[in-house]
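Trainee: Below is a structure I'd like to ask you about.
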Amino acid sequence: MTTNPKPVYQRILLKLSGEALQGEEGFGIDPATLDRMAQEVKELIELGVQVGVVIGGGNLFRGAGLAEAGMNRVVGDHMGMLATVMNGLAMRDALHRAYVNARVMSAIPLKGVCDDYNWADAIAQLRQGRVVIFSAGTGNPFFTTDSAACLRGIEIEADVVLKATKVDGVFTADPVSNPDAELYDKLSYSSVLEKELKVMDLAAFTLARDHNMPIRVFNMNKPGALRRVVMGETEGTLISNAE
């Protein structure tokens, strides 16, 4: 395997699930996991890659149970958005402790806590080598953080959306329940839809497809995987318009 001397991506949008931050814990934020992820992002900054981040909120708030109990979906989604802001603040703090400049931008105004999302400002920050953490999803209920990741990725003209998961990429079947499941190296948008593979929700996926935004799914729990993806090594599954 030949290693490229420099990164194949100049600007990326990294999507982290909230659950990824909880480590082995069942809830909340695991400090060691948070620091490890901050170090992996720091490596990319040192390579000259511009990094935007979207983090989910599932480690702090899960609306499904409350929705079943009768909570209004809009209220639940607003609570979920605030959970992503909390994760964003934690990630910014971890990056600052690793001597990496980072800004948190929120799609809903939270004066005194973080910056309001502003497209031009986000681009300027990225160009200055700062990590920009986009929080509060899209700012609208009924949209997932995967949708927010694809939307922000398209807006900042990222080269790729990197979706960090607990498995090595996209498989023919669930690798947890089916040990014979095979890992796909590359997929087209159409084949993902045809095979009904669960990469992300349909709204997010079709947004990426319609704007020709490549998605790479990889395992963030694998040390060095993020760097390997950015350096163009074989890691995870690439989804693009190429058949």
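Note: Cβ is positioned from N, Cα and C throughout, glycine not excepted.
Annotation comment: Swiss-Prot describes K15, L16, S17, G18, G58, R62, T165, F171, D174 as ATP binding site, evidence class sequence analysis. Per Swiss-Prot, region 'Involved in allosteric activation by GTP' is recorded for 23-28, and the stated evidence type is sequence analysis. The UMP binding site feature in Swiss-Prot is assigned to G57, D77, T138, G139, N140, P141, F142, F143, T144, T145; the stated evidence is sequence analysis.
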Trainee: Determine the most Cβ-crowded residue among the binding-site residues T138, T144, using a 10 Å radius around each Cβ and all protein chains in the structure.
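Mentor: The residue with the densest Cβ neighbourhood is T138.
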Trainee: Counting only other Cβ atoms and using a 10 Å cut-off, which of the binding-site residues S17, N140, T165 scores lowest?
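Mentor: If we count Cβ atoms within 10 Å for the binding-site residues S17, N140, T165, the smallest count is at N140.
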Trainee: Given a 10 Å Cβ-Cβ cut-off, pick out the one of the binding-site residues G57, G58 that has the most other Cβ atoms nearby.
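Mentor: Its Cβ has the most other Cβ atoms within 10 Å: G57.
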Trainee: Indicate the candidate from K15, D174 with the smallest number of other Cβ atoms within 10 Å of its Cβ, considering only these binding-site residues.
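Mentor: Among the binding-site residues K15, D174, the sparsest Cβ neighbourhood within 10 Å belongs to D174.
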Trainee: Using Cα-Cα distances with a 10 Å cut-off, which of the binding-site residues G57, T138, N140, F142, T144 are near T165 (ATP binding site)?
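Mentor: Hits: none.
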Trainee: Around F142 (UMP binding site), how many other CB atoms lie within 10 A of its CB?
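Mentor: That number is 11.
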